[in-house]
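Novice: Pulled these from TrEMBL:
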type	residues	note
TRANSMEM	B:6-24	transmembrane segment
TRANSMEM	B:36-57	transmembrane segment
TRANSMEM	B:63-83	transmembrane segment
TRANSMEM	B:95-114	transmembrane segment
TRANSMEM	B:134-160	transmembrane segment
TRANSMEM	B:192-210	transmembrane segment
TRANSMEM	B:216-235	transmembrane segment
TRANSMEM	B:242-259	transmembrane segment
TRANSMEM	B:265-286	transmembrane segment
Amino acid sequence: MKRRHLLATAALGLGLVFGGAAMAQDKTKACFVYVGPIGDGGWTFQHHEGALAVQEAFGDKVEIAFQENVPEGADAERVLTQMALSGCNIIFTTSFGYMDATNAVAAKFPDIKFEHATGYKREHPNVSTYNARFYEGRAVQGHIAGKMTKSNKIGYIGSFPIPEVIMGINSYYLHAKKVNPEVELSVVWAFTWFDPAKEADSAKALIDQGVDVIASHTDSTAPLAEAAKTNGAVIGFGQASDMAEYKDGPRVSSIIDNWAPYYIKRVGALMDGTYEQADAWEGIAGGEVEIGEITALVPAEVKAEAEAMRDAIAAGTYHPFTGPINKQDGSPWLAEGQVAPDGDLLGMSFYVEGITGEIPK
Amino acid sequence: MFGSIDPALLVAALMVNSVPVMLAATGELVVEKSGVLNLGVEGMMIMGAICGFVTAVVTGNPYLGFLGGALGAAALSAVFGVLTQVLQTNQVATGLALTLFGLGLSSLIGQSYVGIRPPATGDLPLGPLADIPFLGVAVFGHDWMVYASILLVAAVWWVLKYSRVGLILRAVGESHEAAHALGYKVTRIRMLAVLFGGAMAGLGGAYVSLVRVPQWTDGITAGAGWIALAIVVFASWKPWRVLAGAYLFGGISVLQLNLQAAGSAIPVEYLSMAPYLITILVLVIMSSGRGKAALAAPACLGQNFHASR
């Protein structure tokens, strides 16, 4: 009797589960593919915040799913296919390296929307790309770096030599140079988005050579942790996320990626039927790039200048890439007063004049 | 060519950089010498990283942190030991699963520890030694774990080569049937070796989260365990060569970052692949000798043992 009772309960439970699954089909399912762990405190953490914001905004009407630590390359295609088969209506792939995988899988699932972050390929009508104008934030940080350096050596930890990263290095350097003509930039390529030990080693290599301001384009807080060991001799910036836990130490400001508005907009558009293929590239003005609080370590007038630059960029009265700017080899790129076209920026494969060193190929 | 690189700082960075991999590889060497192949080093390291971190933060004592890291990773390796030695599962598959398990479990334990700073592990005061030009900066300005790791390599070398325990351990690894026939408890000895390997990997992991990158983030060891496995092979199962291998891998990775920071024209890709090329080269040279003996691998490596067979 008891056993039968148990079986009946189990059957009832199963029925509920399947019933629930059937009902879930009416929900919009938004899926996210992450390159790192959501606990990285940087890039992936911010994307996940965006995903949670979608859940918050639409409540029961959407279901979110995500996968962390998905390697870029063949594995990504497998994960994407799996997600597409599992009933996702819209899939956000949040790293540059997923570009080809996203387009390949999108070809097989024309009814599912794919959104690729930081890419430029939209080979199918169901593929959109979105990005943020991080170089706007880097301009503000470059200004602070140029003013704050005592050794006139500033450093930058690059992830991969792709336009996105090179653009940031150029913007950072140009604005440091503008306020401090003596400044020299050292770039270290870590060839990883997320490897805290390697990021810390990169920061250490820069510090060992006299660099006293470090910016990074990798995803963890490790460079700040390394800078913290110098007891205030070296400062740095939060990257992707505010990294506020280092506020009383080396972190003097930060670039914050805020993906929530975009994610909510796109999922919302899909739900009310207004969704269209897009190529989004928002910046400070659109709220996607935020400048984290500039701390008291930075003198008041430098802080005011940096905030004025931020506001000018937001108002559209200042573009960080305004000529005259020459390429590294001395050939002219932008004439006096000319503003860089987006196409040039998105395909950027050269350093601007004054940066020594070569971009790895 | 070396521009603004300071050789003393380079050596200093190299010594610190190599510690986690050296500890984990030394532990794995003992495990493999006993005839067990544990591919779960990465998982044990990251368990050591989080257990060490949690212990240090909770107790406020970095020394207890290292102890906690070693115990946590040893506990994880005990799972591997029970599965492979008692339940006779496949060692390769179990080891790989152990890595995945360790990565997941550490992430779970670490959820509420993101963004916390652990208590600092102080440098070992070596008094006047630190004032010696060059050597003072390069060799005598480190935290105590740097020296402890070298002492541990020395201890493992001595035990394996000169002590009775080492002899028994090697006998079990070379021929478990013969060792069993002589009355040695093969399973028990291997179990202890696995626990020791886990503790060493845990120390290495704790070093990452407490000293090298003093913070916790998911996946913080980022593949160091796999390099440790490669170094054991590279070292052809000899402790001092483990030390040399760890310094080679660590040194080249530090050097390439420094060369970049100094604006050197040497393409970093060449340096990045150098340790792996050397490992392959060593393997080719070793295997070109007289069969398996030339490979120096313990003869029973990876084979399960059951007394009733």
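From the backbone N, Cα and C atoms, a Cβ is placed for every residue, glycine too.
What you are looking at is a predicted structure, and each value in this text was computed from that prediction instead of being measured.
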Novice: Is the transmembrane segment (B:6-24) in contact with the transmembrane segment (B:192-210), using at least 3 Cβ pairs under 8 Å (sequence separation of 6 or more) as the test?
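Specialist: Judged by the Cβ rule, the two regions touch, with the required three close pairs present.
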Novice: Short question: most Cβ pairs under 8 Å with the transmembrane segment (B:36-57), which of B:6-24, B:95-114, B:216-235, B:265-286?
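Specialist: Answer is B:95-114, with the largest number of Cβ pairs below 8 Å.
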Novice: Counting Cβ pairs under 8 Å to the transmembrane segment (B:265-286), which of B:63-83, B:134-160, B:216-235 comes out on top?
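Specialist: Most Cβ pairs under 8 Å with the transmembrane segment (B:265-286) come from B:216-235.
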Novice: Same-chain Cβ contacts of the transmembrane segment (B:134-160) under 8 Å, 6 or more residues past its ends?
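Specialist: Long-range Cβ neighbours of the transmembrane segment (B:134-160): 7-9, 11-12, 15-16, 19, 22-23, 26, 29-30, 33, 66, 121-124, 126, 166, 169-170, 200, 203, 207, 211, 238-240, 242-243.
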Novice: Most CB pairs under 8 Å with the transmembrane segment (B:242-259): which of B:6-24, B:63-83, B:95-114, B:216-235?
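Specialist: Between the candidates B:6-24, B:63-83, B:95-114, B:216-235, the best contact partner of the transmembrane segment (B:242-259) is B:6-24.
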Novice: With a Cβ cut-off under 8 Å, give me the same-chain residues at least six positions beyond the ends of the transmembrane segment (B:216-235) that come close to it.
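Specialist: Same-chain contacts beyond the ends: 20-22, 24-25, 28-29, 32, 39-46, 49-50, 53, 99, 103, 106-107, 110, 113-114, 116, 201, 204-205, 208-209, 241-242, 244-246, 249, 276, 278-279, 282-283.
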